[in-house]
Each structure stands twice: as structure tokens, then as C-alpha cells.
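Engineer: Submitted below is the structure of interest, expressed as C-alpha cells.
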């Protein structure tokens with residue numbers, strides 16, 4: 001059951017496709033999971049992809065679609081008419097997935113697809129879900145779940161559940177509601193396996209149920225699911241009426257995406273890209289930060305230029321510009337990364353000034369340690385006179401402390417203003433540190449050496 | 001059910017603890033999830049923590065323990081005798097959690113605890129699991145799961161399942177094995193709800209079951225669970241005999257930890273730390289990279305020093321050192337981040353030379369764009385003569401291309417040698433780029449300007 005997809009396999013497959021050998025193609029794919037077929041798609045061109053989709057069952061096609069990379073999916077969707085999407089793909093999908101696909105279409109095409117959906121109930125659910133922002137609980141939830149009324153007994157419940165579960169791949173929780181659809185609690189399948197048939201549900205359900213509201217942020221939902229080790233969480237509206245459920249597999253995707261995005265932001269990449277994206281896409285994602293960094297470098301050049309006449313006397317100071325700059329950058333990134341992560345995990349609640357004070361102390365400690373070593377090298381290795389060496393070290397300590405404080409403060413400020421603190425890491429910090437680090441360095445030198 | 005933990009709540013709680021008011025303390029905590037209690041613990045000192053644990057049920061205490069931060073847990077565990085751990089905590093835990101706790105103890109204490117476990121079967125399972133590395137499938141799996149023999153009929157299966165499920169919080173899958181315990185397939189609960197009672201299991205089980213081997217890496221297991229949207233995956237030995245299961249909530253923790261670690265490595269932090277760790281812990285995690293960065297800066301100083309006599313003539317070159325350095329750093333981090341992420345997601349399989357060639361092109365493209373702007377500024381803003389401006393730009397392009405290639409190559413090489421490519425991001429790249437960037441810059445200047 002665990003099949004490895006090799007290069008040879010793909011070559012053999014494309015050969016069969018070019019020979020229009022439907023039977024062999026289907027044979028080769030029959031044992032594969034849709035996620036594997038989607039992975040193979042990234043090695044094929046659009047004609048090859050379309051040929052495969054035309055052979056597969058609608059159900060498997062729909063699953064493959066859901067597993068594709070965004071770009072591949074968008075390109076393929078354009079090949080499908082609204083009718084094909086409405087008749088072949090959407091009916092095979094859970095509502096949350098259907099919404100993801102439909103929202104990738106143009107507005108006119110969206111309307112066409114929805115108008116042509118046969119199952120009116122499914123269509124209604126999809127329209128409901130389309131209202132919610134993609135990155136909220138409402139945007140993540142699906143309408144497929146099993147719910148029972150507290151006034152039913154176990155027999156009625158099991159009968160109703162069998163009916164409702166017909167559409168479901170797997171049932172994790174059964175939700176108990178009252179006549180107004182207010183969420184009251186859950187009924188575990190285990191409980192159902194072990195309770196006698198005539199008991200009323202209101203006597204056996206567990207009222208300790210955790211839920212999220214439709215408008216909560218996806219990352220907050222992810223944090224809750226992770227914290228409380230949940231497999232599924234119900235989503236309710238403002239009146240605690242049950243609207244949908246979110247399962248942990250959707251949350252895995254949210255977490256993965258969020259982590260990837262933060263990581264890339266820290267590395268100065270502005271949109272989610274992969275190693276196999278085109279050079280143009282990669283350039284678009286990378287050039288903006290490089291330009292910002294470039295202006296930072298030009299700013300630093302201006303500052304050095306501004307001090308240049310005075311510099312004649314103390315040329316040796318220029319040797320240590322790279323040291324000042326890289327240390328400021330490294331300290332700043334460290335500080336901001338810890339804060340960004342703490343904010344993402346919800347671990348930072350307390351006092352902002354306490355955090356900044358702590359970074360101040362930490363910077364001082366690290367700064368003293370590093371300055372001591374630099375003092376040694378600058379004097380004995382580079383033969384810099386004592387006073388100048390001391391100047392360099394004082395500047396270094398100051399720069400480290402300020403870099404640490406700035407690195408802490410920027411993400412906190414961004415987060416307070418409702419912006420994503422993750423953008424403050426990486427080149428953002430490096431660039432601001434480039435400029436102010438060099439400036440402080442020469443300023444302190446000027447104060448001590450008096451040029 | 002969704003309770004907010006406020007500062008006031010914690011103050012009230014600590015007041016009650018100091019008054020030794022057990023009843024109020026229990027009252028305040030009774031509605032909370034163990035994960036919430038664990039969160040509160042991070043605000044309490046060890047006496048307060050111990051007081052609370054002494055009041056709670058063993059079952060809840062055990063759950064709180066599992067949710068604690070590593071450092072808190074280690075400190076608290078020291079307060080417990082081997083007997084208390086063996087009698088009060090371990091029996092309340094699933095085997096995988098029990099193993100996590102026991103492996104945090106000293107070897108002698110481990111032996112004492114295991115010797116005093118009452119339930120010999122549980123003890124045997126724990127000893128089995130202790131053999132496996134923490135970061136393998138064996139180290140993640142637990143021994144609590146429901147398995148049925150293919151020769152049973154549905155009635156026998158349900159009876160046996162009820163027996164086995166007694167210890168389980170929730171049942172997701174039922175595993176079907178033969179007489180040798182070889183994993184054959186799974187039986188969904190839904191199937192069981194809808195199949196008639198006298199059918200033999202071998203007629204109804206689903207043989208499409210995905211599994212992992214005990215020795216597989218935890219991140220690979222996580223990738224599979226995510227790719228195939230699984231809730232649970234069975235773990236087998238070399239002979240495909242069923243050894244345990246891993247559930248998705250354990251995988252969430254693995255993913256979270258891995259993402260945090262990579263993020264911190266990219267930011268130059270060597271061990272997993274939080275914003276609320278002590279200054280000493282934070283310094284230990286941060287100083288190593290700062291020192292490496294410092295030596296990089298001193299190396300760059302040496303290089304500039306080496307060119308210093310020639311530099312007299314072209315002082316203006318020094319202005320652009322920060323620009324060269326920061327651009328090299330930014331490009332290197334971008335390139336390495338994309339590769340590190342691609343490797344982590346298993347998205348990079350192909351040709352190493354193709355990837356490097358692509359980065360070469362990408363670097364050239366970005367380099368030309370940036371150099372063009374710099375040329376303009378250097379000539380018109382700083383009044384640098386044309387030849388020198390061109391020199392700066394040629395050096396800039398060369399540095400960018402080389403930084404991109406190095407940023408791509410280092411993680412690939414590390415990964416080929418079985419090392420974690422994530423260590424190559426952040427300050428590692430910055431530091432090497434500091435040195436070679438400055439060196440190449442002056443080297444090219446020397447070649448063109450001939451000093």
C-alpha cells in the first residue's frame with residue numbers, strides 16, 4: 001500500500017499518455033491515493049493532466065483537484081466549463097472543499113456553477129459558507145456533520161445518524177442540539193456503543209463541549225485544537241447555534257501554511273513560493289526585500305559619507321563597520337523572532353515594558369561578552385590604540401542593546417496595531433539595523449574621540 | 001465552557017493557595033481543562049504548583065503534567081518520589097505519554113518507577129516503547145488501540161472492542177490482523193454501525209491501509225499524515241506486525257516543534273526557547289550565533305585591512321561595504337530558506353545542478369536590477385566616478401550570484417550528508433556572506449581598478 005513514485009514510473013506513465021493508452025494509464029494509477037496522483041501532476045503538462053482527469057472517476061478527480069498545488073489547480077479549472085464543474089466535481093466534494101474551489105473562480109463563473117448545482121441543499125450550504133472570510137472559522141468549517149436532538153432516544157439517534165452519516169467519510173463526534181439548533185454538547189461514539197437503546201440523549205450527552213465562533217481567526221482555531229488535543233471543533237454563530245465543524249486535518253494545513261509563511265517572511269520572501277516555482281514568480285517574491293535592503297545599504301553609505309572628513313583621522317573605525325552591522329542584524333533578528341513566535345503561540349500576554357526591559361538586560365549581557373573579545377582582537381590583532389578600541393566596544397554594546405530593544409518593540413507594536421508581526425523579522429530588522437547601527441557607531445566615536 | 005484566564009483570576013487563585021483554602025482552589029479549577037491549568041502553572045511558583053497537584057485527582061494531575069512546559073515538568077517531577085510517580089501518575093497515562101514522562105527521569109529513577117508499576121501489561125508496553133528513539137515513529141506511537149482478528153464475526157468483534165475500548169478515550173480506527181498479528185487492514189466504525197452482525201470481518205475490512213515502520217522519522221510520519229489527511233496511522237515492525245498507533249494530535253505537536261525550531265534556527269537561536277525563559281537560558285541560546293557572527297565581522301575587518309593601502313586611492317569603495325554585505329546576506333538567506341523548506345516538505349527531489357543553475361539565473365536577474373539602481377545613486381548621488389561606480393556594480397552582481405548559489409548549495413550539501421539543513425539558514429549564511437562578500441568586492445575592485 002505504500003507505493004514509491006519514481007522517475008521511471010513517471011516516464012512510463014507519460015509514455016502511456018502519449019500513446020493514448022487509457023487502460024494502462026488507469027492501471028498505473030488505480031492503486032494510488034489522490035494525493036499521490038496530485039503529486040505526479042506537478043511533473044506533467046496540462047494536456048497530460050487533462051487526459052488523466054478525463055479517465056478518472058468523478059470522485060477521484062475531485063479528490064485530486066483538492067490536493068493540487070494552487071497554480072496547477074487554477075490552470076486546470078480554466079479548462080472546465082461551469083457545467084462540468086457543477087455536475088462532475090462539486091457534487092463529489094464536502095462543502096468546505098467545494099467552497100475553496102468555487103471561490104477560486106471568477107464571479108460570473110461562480111454564479112453559473114452555483115446555478116447549475118443539482119442538489120439544492122448542498123448548493124444552499126455552499127452559498128452559506130461563501131459568505132465567510134477564508135481565514136476565519138466560518139471559512140474553514142464544513143456543513144457535513146452529524147447532529148442529534150436532545151429529546152431523541154438512542155435508537156432514534158442511531159437511525160438518524162445512519163441517515164446523516166451516509167454522506168460522511170468518517171464520523172468523529174455527534175453533536176447534541178435543542179429545538180433551536182443551540183449547541184448543547186457532544187455524544188461520543190464510544191458512549192453510543194455502550195449505552196442501552198432506550199435512554200434519552202439528554203441524559204447521556206457530555207455538556208463539556210468546546211466551540212469556536214464563526215468569525216474567529218483560523219490561527220486561533222488552530223491554537224485551540226492543538227492546545228486541547230481535539231480532533232474536531234464545532235463552529236457556532238453569535239447565538240451559539242451550530243453552524244458547522246472544523247476537523248483537525250484542515251487545521252494541519254492552516255498550521256503548515258502559517259509556519260511556512262512566517263519562515264519565509266523571516267527570510268525576506270514576501271509570498272508563499274516553492275523551490276519549483278518559475279524564476280519570475282520567485283523574483284517577484286524576493287526582489288522587494290532586496291530593494292529595501294539595498295536602500296538600507298545606500299543609507300548606511302550616506303551616513304559614512306557624512307562622517308568622512310572626520311574619518312580621515314580614524315580610518316581604522318571603518319574596518320569594524322561590517323562587525324557592527326552584522327552584530328546589530330543578528331541580535332535584532334533573534335529578538336524579533338522570539339517575540340513573533342511568542343505572539344503566534346499566544347504565549348505573550350504580559351507587560352510590554354517587562355519584555356523590553358528583559359531584552360535590554362539580555363542585550364547588555366551579550367554585548368559585554370562580545371565587546372570583551374572584540375577589545376582583545378582590535379587591540380592585539382589589528383593594533384588599534386586603546387582609546388579607539390574602547391570606543392569601538394562602547395559603540396558595539398550600545399548598538400547591541402538598541403538592536404535588541406528595537407527587535408522586541410517592532411513586532412509588539414505591529415501586533416498592537418493589528419498588523420502581522422511576522423513581517424518585522426528578517427530583512428526589515430536587518431535593514432533598519434544597518435542604518436541606525438552604522439549611525440550610532442560613528443556618533444559614539446565622534447562623542448568619545450571628538451573628531 | 002470557553003473560559004478566559006485573566007490576571008485577576010490568577011491573583012485570586014494565588015490568594016486562595018496562600019490561605020491554604022483547598023475548597024476554593026478546587027472550585028476555581030473544576031471547570032478548567034488540564035491544558036488551562038498547565039497554562040496557569042507557568043505563572044505560579046513550585047510550592048503553589050505542588051499545592052494544586054496535591055488537591056487534584058490523579059487523572060487530572062497526570063493530564064496537567066503532560067501539558068506542562070518541559071522545564072516546569074522537570075522541576076516538578078523532582079518533587080515526586082518514584083513510588084508516587086509509579087502509583088499516582090503513570091497508571092493514568094497512555095503508554096506514549098507515560099514513556100515521555102519516564103524518559104525525563106534519571107536512569108536509576110526510571111528503573112525504580114518501572115519496578116513499582118502495578119499493571120504488568122502496562123509496564124511491559126512502556127518498556128517496549130522506551131527502546132525507540134524519541135524522534136521516530138516508535139517513539140511517538142502508543143500501545144492503546146483496538147485490534148480485531150479477521151476470523152471474528154461482527155458480534156465477537158463488537159464485544160472484544162468494548163473490552164479493549166474500555167481504556168481508550170476515543171476510538172478512531174479498528175485494526176484487523178491475522179493470527180500472527182500482521183496488519184491486514186482497517187474497519188471503520190461507520191462500517192461496523194452499518195454491517196449485519198454475523199458477517200465475518202475478513203469479508204468487510206478495508207485492505208487499503210497506510211502504515212509506517214517503527215524506525216521512520218517523526219517528520220516523515222507527519223508529512224504522511226498531512227498529505228493523506230489521516231487521523232491516525234498504524235505503526236508496524238519489519239514484518240508488518242502491528243506495534244502501535246500514532247494519532248494526529250501527536251503529529252500536531254511534532255509539526256509545531258519542527259516549525260518553531262526551524263524558525264529559530266533561521267533567526268540564529270540554537271535551542272528551543274520561549275520569550276518567558278530566563279535570561280541565562282536565552283543567552284545560552286543566542287550567544288553562540290552572535291559569536292560566530294562576531295568572528296565573521298572580524299574576518300571582514302581583516303580583509304578590509306589587507307586591502308587598506310590600496311584603498312587610500314579609492315576611499316569611496318568603503319562607503320558601499322554595508323550595501324554589499326547586507327545584500328549578500330539577504331540573498332543568501334532567501335535562497336537557503338526556500339531550499340530548507342523544500343527539503344522539509346519533501347518537495348525537492350530533482351537535480352541538484354538544475355536548482356543551482358536556477359539560483360544562478362535568479363541571482364543574475366536580481367543582481368542586474370539592483371546594480372542598475374545602485375549605479376544611478378552611486379554616480380549621481382555620491383558623485384562617484386563612472387569607472388568606480390561600474391566596479392561597484394560588477395562586484396555587487398557577482399556577490400549576489402555567488403550568495404544565491406552558496407545559499408542553495410549549503411543546505412543541499414548538509415541534507416545529503418544527513419545533517420539538518422535548517423542550521424544553514426540565518427546567521428550561518430549571513431556570516432559566510434559577510435566574509436566572502438567583502439572579499440569578492442575588493443578583489444573585483446582590484447582587478448578592474450588595478451590598485
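Glycine residues also receive a Cβ, built from the backbone N, Cα and C atoms like all the rest.
Features from TrEMBL:
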type	residues	note
DOMAIN	A:141-203	domain 'CBS'
DOMAIN	A:205-261	domain 'CBS'
TRANSMEM	A:287-304	transmembrane segment
TRANSMEM	A:316-340	transmembrane segment
TRANSMEM	A:360-382	transmembrane segment
TRANSMEM	A:388-414	transmembrane segment
TRANSMEM	A:426-449	transmembrane segment
Engineer: Between the transmembrane segment (A:287-304) and the stretches A:316-340, A:360-382, A:388-414, A:426-449, work out which stretch tops the count of Cβ pairs under 8 Å.
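Structural biologist: Top-ranked stretch among A:316-340, A:360-382, A:388-414, A:426-449: A:426-449.
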Engineer: Grab the same-chain neighbours of the transmembrane segment (A:426-449) for me: Cβ-Cβ under 8 Å, and only residues 6 or more beyond its ends, written as numbers and ranges.
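Structural biologist: Sequence-remote neighbours of the transmembrane segment (A:426-449) are 265-268, 289-290, 292-293, 295-297, 299-300, 303-304, 307, 310, 313-314, 317, 320-321, 324-325, 327-329, 331-333, 336, 387-388, 390-392, 394-396, 398-399, 402-403, 406-407, 410.
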Engineer: If we skip the immediate neighbours and take only residues 6+ beyond the ends of the transmembrane segment (A:360-382), which ones have a Cβ under 8 Å from one of its Cβ atoms?
Structural biologist: 316, 319-320, 323, 327, 331, 335, 388-390, 392-394, 396-398, 400-405
Engineer: List, by number or range, the same-chain residues at least 6 past the transmembrane segment (A:388-414) whose CB is under 8 A from its CB atoms?
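Structural biologist: Residues packing against the transmembrane segment (A:388-414) from afar: 314, 316-317, 320, 323-324, 327-329, 331-336, 339-340, 343, 348, 352, 355-356, 359-360, 362-364, 366-368, 370-372, 374-375, 378-379, 420-425, 428-429, 432-433, 436-437, 440-441, 444-445, 448-449.
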Engineer: Averaged over the domain 'CBS' (A:205-261), what pLDDT does the prediction give?
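Structural biologist: Mean pLDDT for the domain 'CBS' (A:205-261): 91.
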Engineer: Which residue counts does DSSP give the domain 'CBS' (A:141-203) for helix, strand and coil?
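Structural biologist: In the domain 'CBS' (A:141-203), the DSSP-based counts are 21 helix, 19 strand, 23 coil.
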